[in-house]
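Database features (Swiss-Prot):
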- 55-84: domain '4Fe-4S ferredoxin-type 1' (DOMAIN)
- CYS64, CYS67, CYS70, CYS114: [4Fe-4S] cluster 1 binding site (BINDING)
- CYS74, CYS104, CYS107, CYS110: [4Fe-4S] cluster 2 binding site (BINDING)
- 95-124: domain '4Fe-4S ferredoxin-type 2' (DOMAIN)
Amino acid sequence: MFPMVTEFMNYGQQTVRAARYIGQGFMITLSHANRLPVTIQYPYEKLITSERFRGRIHFEFDKCIACEVCVRVCPIDLPVVDWQLETDIRKKRLVNYSIDFGICIFCGNCVEYCPTNCLSMTEEYELSTYDRHELNYNQIALGRLPMSIIDDYTIRTILNLPERKT
(Lines of atoms letter the chains of each structure in order from A and count residues from 1; the text may use other names and numbers.)
(Lines give C-alpha, C1' and ligand atoms only; values in the text may rest on other atoms or scores of the structure.)
Protein backbone atom coordinates (compact mmCIF):
# COMPACT_ATOMS: atom_id res chain seq x y z
CA MET A 1 0.00 0.00 0.00
CA PHE A 2 2.84 2.37 0.70
CA PRO A 3 4.29 2.20 -2.82
CA MET A 4 0.95 3.28 -4.23
CA VAL A 5 0.79 6.28 -1.87
CA THR A 6 4.34 7.36 -2.73
CA GLU A 7 3.58 7.03 -6.46
CA PHE A 8 0.46 9.14 -6.00
CA MET A 9 2.49 11.78 -4.09
CA ASN A 10 5.17 11.81 -6.80
CA TYR A 11 2.46 12.18 -9.43
CA GLY A 12 0.99 15.14 -7.53
CA GLN A 13 4.41 16.80 -7.16
CA GLN A 14 5.14 16.33 -10.86
CA THR A 15 1.76 17.81 -11.76
CA VAL A 16 2.39 20.87 -9.58
CA ARG A 17 5.91 21.28 -11.04
CA ALA A 18 4.57 21.02 -14.60
CA ALA A 19 1.85 23.59 -13.86
CA ARG A 20 4.49 25.92 -12.37
CA TYR A 21 6.70 25.62 -15.50
CA ILE A 22 3.73 26.29 -17.76
CA GLY A 23 2.82 29.32 -15.64
CA GLN A 24 6.39 30.67 -15.81
CA GLY A 25 6.44 30.32 -19.59
CA PHE A 26 3.06 32.01 -19.85
CA MET A 27 4.24 34.92 -17.68
CA ILE A 28 7.29 35.40 -19.92
CA THR A 29 5.01 35.43 -22.96
CA LEU A 30 2.72 38.01 -21.34
CA SER A 31 5.68 40.21 -20.34
CA HIS A 32 6.66 40.47 -24.03
CA ALA A 33 3.19 41.70 -25.00
CA ASN A 34 3.86 45.28 -23.83
CA ARG A 35 7.26 45.65 -25.53
CA LEU A 36 7.86 47.58 -28.73
CA PRO A 37 8.30 45.50 -31.87
CA VAL A 38 11.88 44.71 -32.81
CA THR A 39 11.24 44.54 -36.54
CA ILE A 40 10.89 47.65 -38.69
CA GLN A 41 9.39 48.24 -42.12
CA TYR A 42 12.82 48.43 -43.75
CA PRO A 43 12.61 50.48 -46.92
CA TYR A 44 10.34 53.06 -45.34
CA GLU A 45 11.71 53.03 -41.79
CA LYS A 46 15.41 52.97 -40.98
CA LEU A 47 17.34 52.88 -37.77
CA ILE A 48 19.68 55.77 -37.10
CA THR A 49 23.14 54.30 -36.87
CA SER A 50 25.37 54.88 -33.88
CA GLU A 51 28.16 57.42 -33.87
CA ARG A 52 30.87 54.78 -34.28
CA PHE A 53 29.06 52.77 -36.98
CA ARG A 54 31.42 51.38 -39.60
CA GLY A 55 29.67 51.85 -42.91
CA ARG A 56 30.94 52.68 -46.41
CA ILE A 57 34.29 54.45 -46.50
CA HIS A 58 34.44 58.07 -47.69
CA PHE A 59 37.67 59.18 -49.40
CA GLU A 60 38.97 62.73 -49.90
CA PHE A 61 41.29 62.72 -52.91
CA ASP A 62 42.90 66.10 -52.16
CA LYS A 63 44.09 65.09 -48.68
CA CYS A 64 45.70 61.78 -49.69
CA ILE A 65 49.51 61.78 -49.83
CA ALA A 66 49.78 58.22 -51.25
CA CYS A 67 51.69 56.95 -48.22
CA GLU A 68 49.97 53.52 -48.50
CA VAL A 69 49.53 53.17 -44.73
CA CYS A 70 45.95 52.07 -45.38
CA VAL A 71 47.20 49.18 -47.51
CA ARG A 72 49.73 48.08 -44.90
CA VAL A 73 47.29 48.05 -41.97
CA CYS A 74 44.48 46.38 -43.92
CA PRO A 75 44.27 42.70 -42.92
CA ILE A 76 43.47 41.74 -46.52
CA ASP A 77 45.60 44.38 -48.36
CA LEU A 78 42.46 45.73 -49.99
CA PRO A 79 42.89 49.41 -50.95
CA VAL A 80 44.54 49.82 -54.35
CA VAL A 81 46.72 52.93 -54.41
CA ASP A 82 48.25 53.93 -57.75
CA TRP A 83 50.71 56.81 -57.66
CA GLN A 84 53.48 58.41 -59.71
CA LEU A 85 56.67 59.94 -58.43
CA GLU A 86 56.96 63.60 -59.36
CA THR A 87 60.69 63.97 -59.98
CA ASP A 88 60.79 67.77 -59.95
CA ILE A 89 59.29 68.05 -56.43
CA ARG A 90 60.24 64.53 -55.25
CA LYS A 91 56.77 63.68 -53.98
CA LYS A 92 54.21 61.05 -54.81
CA ARG A 93 51.19 62.13 -56.83
CA LEU A 94 48.07 60.02 -56.38
CA VAL A 95 46.67 58.72 -59.66
CA ASN A 96 43.99 56.24 -58.61
CA TYR A 97 42.50 54.94 -55.35
CA SER A 98 39.93 52.16 -55.14
CA ILE A 99 38.34 49.81 -52.61
CA ASP A 100 36.30 46.71 -53.41
CA PHE A 101 33.47 46.59 -50.87
CA GLY A 102 32.64 43.04 -51.90
CA ILE A 103 35.85 41.99 -50.16
CA CYS A 104 36.15 44.69 -47.47
CA ILE A 105 35.48 43.50 -43.91
CA PHE A 106 34.82 47.04 -42.61
CA CYS A 107 37.36 46.72 -39.80
CA GLY A 108 38.17 50.44 -39.89
CA ASN A 109 41.95 50.08 -39.64
CA CYS A 110 42.51 52.19 -42.75
CA VAL A 111 40.45 55.03 -41.28
CA GLU A 112 42.12 54.80 -37.89
CA TYR A 113 45.72 54.83 -39.12
CA CYS A 114 45.44 57.32 -42.00
CA PRO A 115 47.87 60.17 -41.15
CA THR A 116 45.97 62.83 -43.14
CA ASN A 117 42.43 61.73 -42.19
CA CYS A 118 41.42 61.44 -45.84
CA LEU A 119 39.40 58.30 -45.03
CA SER A 120 36.28 58.28 -42.87
CA MET A 121 33.40 55.91 -42.19
CA THR A 122 29.91 56.95 -43.25
CA GLU A 123 26.50 55.77 -42.06
CA GLU A 124 25.71 54.18 -45.42
CA TYR A 125 25.09 50.45 -45.18
CA GLU A 126 23.05 49.76 -48.31
CA LEU A 127 25.66 48.41 -50.70
CA SER A 128 23.59 45.74 -52.44
CA THR A 129 23.90 45.46 -56.21
CA TYR A 130 23.03 42.95 -58.91
CA ASP A 131 26.59 42.90 -60.24
CA ARG A 132 29.56 42.15 -58.01
CA HIS A 133 31.80 44.48 -60.03
CA GLU A 134 29.70 47.49 -59.02
CA LEU A 135 31.06 47.12 -55.47
CA ASN A 136 34.52 48.18 -56.66
CA TYR A 137 34.51 51.91 -55.86
CA ASN A 138 37.13 54.23 -57.34
CA GLN A 139 38.14 57.63 -55.94
CA ILE A 140 35.17 59.34 -57.59
CA ALA A 141 32.59 56.95 -56.12
CA LEU A 142 34.36 56.98 -52.74
CA GLY A 143 34.32 60.79 -52.75
CA ARG A 144 30.54 61.03 -52.90
CA LEU A 145 28.95 61.65 -49.54
CA PRO A 146 25.84 59.57 -48.93
CA MET A 147 22.53 61.25 -48.21
CA SER A 148 21.91 61.33 -44.50
CA ILE A 149 19.04 59.21 -43.27
CA ILE A 150 17.83 62.05 -41.05
CA ASP A 151 17.65 64.48 -43.99
CA ASP A 152 15.67 62.12 -46.23
CA TYR A 153 12.03 63.16 -45.94
CA THR A 154 10.72 59.96 -47.57
CA ILE A 155 12.06 57.73 -44.80
CA ARG A 156 10.79 57.65 -41.24
CA THR A 157 13.71 57.25 -38.87
CA ILE A 158 13.45 55.19 -35.73
CA LEU A 159 14.98 57.12 -32.85
CA ASN A 160 13.71 55.18 -29.86
CA LEU A 161 15.04 51.68 -29.94
CA PRO A 162 13.46 49.13 -27.62
CA GLU A 163 15.72 48.72 -24.64
CA ARG A 164 17.02 45.25 -24.01
CA LYS A 165 17.44 43.97 -20.52
CA THR A 166 20.64 42.00 -20.14
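A Cβ is built for glycine as well, from the same backbone N, Cα and C atoms used for every other residue.
Sequence features annotated in Swiss-Prot and their locations in the structure.
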residue	record	DSSP (3 states)
CYS64	[4Fe-4S] cluster 1 binding site	coil
CYS70	[4Fe-4S] cluster 1 binding site	helix
CYS104	[4Fe-4S] cluster 2 binding site	coil
CYS110	[4Fe-4S] cluster 2 binding site	helix
Mean of pLDDT values spanning the domain '4Fe-4S ferredoxin-type 1' (55-84): 94
Top Cα neighbour of CYS104 ([4Fe-4S] cluster 2 binding site) in the set of binding-site residues CYS67, CYS70, CYS114: CYS70
Listed in sequence order, residues not in CYS74, CYS104, CYS107, CYS110 with Cβ within 8 Å of the centre of the [4Fe-4S] cluster 2 site Cβ atoms: ILE57, CYS70, VAL73, PRO75, ILE76, LEU78, PRO79, ILE99, ILE105, PHE106, GLY108, ASN109
Of the binding-site residues listed as CYS64, CYS67, CYS114, the one whose CA lies nearest the CA of CYS74 ([4Fe-4S] cluster 2 binding site): CYS114
For CYS70 ([4Fe-4S] cluster 1 binding site): intrachain residues, at least 6 apart, with Cβ closer than 8 Å: PRO79, VAL81, ASN109, CYS110, TYR113, CYS114, LEU119
Long-range neighbours of the domain '4Fe-4S ferredoxin-type 1' (55-84), counting only residues six or more past its ends (CB under 8 A): 49, 91-101, 103-107, 109-125, 127, 137, 139, 142-143, 145-146
